[in-house]
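Chemist: From Swiss-Prot, here are the annotated features:
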BINDING   135-190  ATP binding site
BINDING   Asp258, Glu271  Mg(2+) 1 binding site
BINDING   Glu271, Asn273  Mg(2+) 2 binding site
DOMAIN    105-304  domain 'ATP-grasp'
Amino acid sequence: MKANAFGKVAVMLGGTSAERDVSLKSGMAVLKGLVAKGIDAHAFDPAAHSLQELVEQKFDRVFIALHGRGGEDGSMQGALQILEMPYTGSDVLGCALGMDKVRCKQIWHSVGLPTANWRVVTQAEIEQVNVEAMLQELGGRVIVKPAREGSSIGMSIADNGRSLALALQHAAEFDDDLLVEQWVEGAEYTIGILEGKALPVIRLQTPHEFYDFEAKYQANDTQYHCPAGLSDDDEASLRTLAERAFAAIGGSGWGRIDVMRNNAGEWFLLEANTVPGMTEKSLVPMAAKVAGLQFNDLVERILAQTLER
């Protein structure tokens, strides 16, 4: 595909969410890749520029590299649709559902896809929660998550009443709705999605209790295994599960699905990511490379999806 077919491209990065720093790194990597392909691409931080400038400066399309609220939750996608500006990734509905961990799990559960047991606590309900009863109901060990944050921000593990109360208070600093999810003991996997098809599975190995913010972006002791060491049948079934999970929430274009496998060999869907990280430590580029797709070609493929909008 000729580079001039894309016209003038805005790489949207930064923003105002708690994931701003990660977004800046993702966006700059994407920008570098697009420019290397000869594409007329420019950085655009919506925290510093009005969206009207996209029209005034005659941009033709947008590569969204915003993570978290305001960029991955459907609001930016809706604004760009009003401007009739083609953009990468899922639409308003897919992004909104993917960002909301509670709604995402409700949909997966409703269509028969496997996900760990959970309960929802609102910020207003924290003081009334019977933490001991909730722990017992969910198997004695849980992970608490803000419903609408990414990069593992605000997450913590609890295995007694005091730690659950503290975990709820911590998560409430980031969201009014909190997900209390049964802890799944086992290995964590992630599956990139590109054009509706799963990329090679990656198995994550970290000495941390879980794949938290530090393990994702700061630690040097996190190991990534791709190929993941699964049998051919397990690799195929996990890829199919990821494709179904992404489609169930209305995801499109590209994304990532995170999964746990318990010690009995059962799969449990964790989360959907509709604008995954694109930093030097990010997982979708890693899987794409194993599939034979170099980073610059990957970002061009993702951008090419906007030509169909």
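Each residue's number is its place along the chain shown, starting with 1.
A Cβ is built for glycine as well, from the same backbone N, Cα and C atoms used for every other residue.
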Chemist: Checking your reading of the structure: which of the binding-site residues Leu135, Ser156, His170, Val184, Asp258 lie inside a 10 Å Cα sphere centred on Asn273 (Mg(2+) 2 binding site)?
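Modeler: Cα within 10 Å of Asn273 (Mg(2+) 2 binding site): Asp258.
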Chemist: Does Leu135 (ATP binding site) have same-chain partners at least 6 apart in sequence with Cβ under 8 Å from its own Cβ, and which are they?
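Modeler: Non-local contacts for Leu135 (ATP binding site): Arg141, Val142, Ala158, Asp159, Asn160, Gly161, Leu164.
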Chemist: Report the same-chain neighbours of Val184 (ATP binding site): residues 6+ apart in sequence with Cβ closer than 8 Å to its Cβ, ordered by sequence.
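Modeler: Listed in sequence order: Ala116, Met260, Asn262, Phe268.
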Chemist: Would you kindly give the Cα-Cα distance separating Asp258 (Mg(2+) 1 binding site) and Glu149 (ATP binding site), rounded to the nearest Å?
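Modeler: That comes out at 15 Å between the alpha carbons.
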Chemist: Average the pLDDT scores across the domain 'ATP-grasp' (105-304) and report the rounded value.
Modeler: 93
Chemist: Would you mind reading off the Cα separation of Glu271 (Mg(2+) 1 binding site) from Asp177 (ATP binding site), to the nearest angstrom?
Modeler: 16
Chemist: So for Glu271 (Mg(2+) 1 binding site), how many other CB atoms are inside 10 Å of its CB?
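Modeler: So the Cβ neighbour count for Glu271 (Mg(2+) 1 binding site) comes to 20.
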Chemist: Here the binding-site residues are Ser156, Ser163, Asn273; which one has the lowest number of other Cβ atoms no more than 10 Å from its Cβ?
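Modeler: Ranked by other Cβ atoms within 10 Å, the binding-site residues Ser156, Ser163, Asn273 bottom out at Ser163.
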Chemist: Taking every protein chain in this structure into account, which of the binding-site residues Glu149, Asp177 has the most other Cβ atoms within 10 Å of its Cβ?
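Modeler: That would be Glu149, with the most Cβ atoms nearby.
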Chemist: For Glu149 (ATP binding site), what is the secondary structure state per DSSP, taken as helix, strand or coil?
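Modeler: Going by the DSSP assignment, Glu149 (ATP binding site) belongs to neither helix nor strand, so it counts as coil.
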Chemist: About how far apart, in whole Å, are the alpha carbons (Cα) of Asp177 (ATP binding site) and Asp258 (Mg(2+) 1 binding site)?
Modeler: 21
Chemist: Check Val184 (ATP binding site) against DSSP and tell me helix, strand or coil, would you?
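Modeler: Once the DSSP labels are grouped into three classes, Val184 (ATP binding site) ends up as coil.
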Chemist: What's the CA-CA gap between Ser163 (ATP binding site) and Asp258 (Mg(2+) 1 binding site) in angstrom, rounded?
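Modeler: So the Cα of Asp258 (Mg(2+) 1 binding site) lies 25 Å away from that of Ser163 (ATP binding site).
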Chemist: How would DSSP class Val142 (ATP binding site) in three states?
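Modeler: Once the DSSP labels are grouped into three classes, Val142 (ATP binding site) ends up as strand.
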Chemist: Can you see whether DSSP assigns Leu135 (ATP binding site) to helix, strand or coil?
Modeler: helix
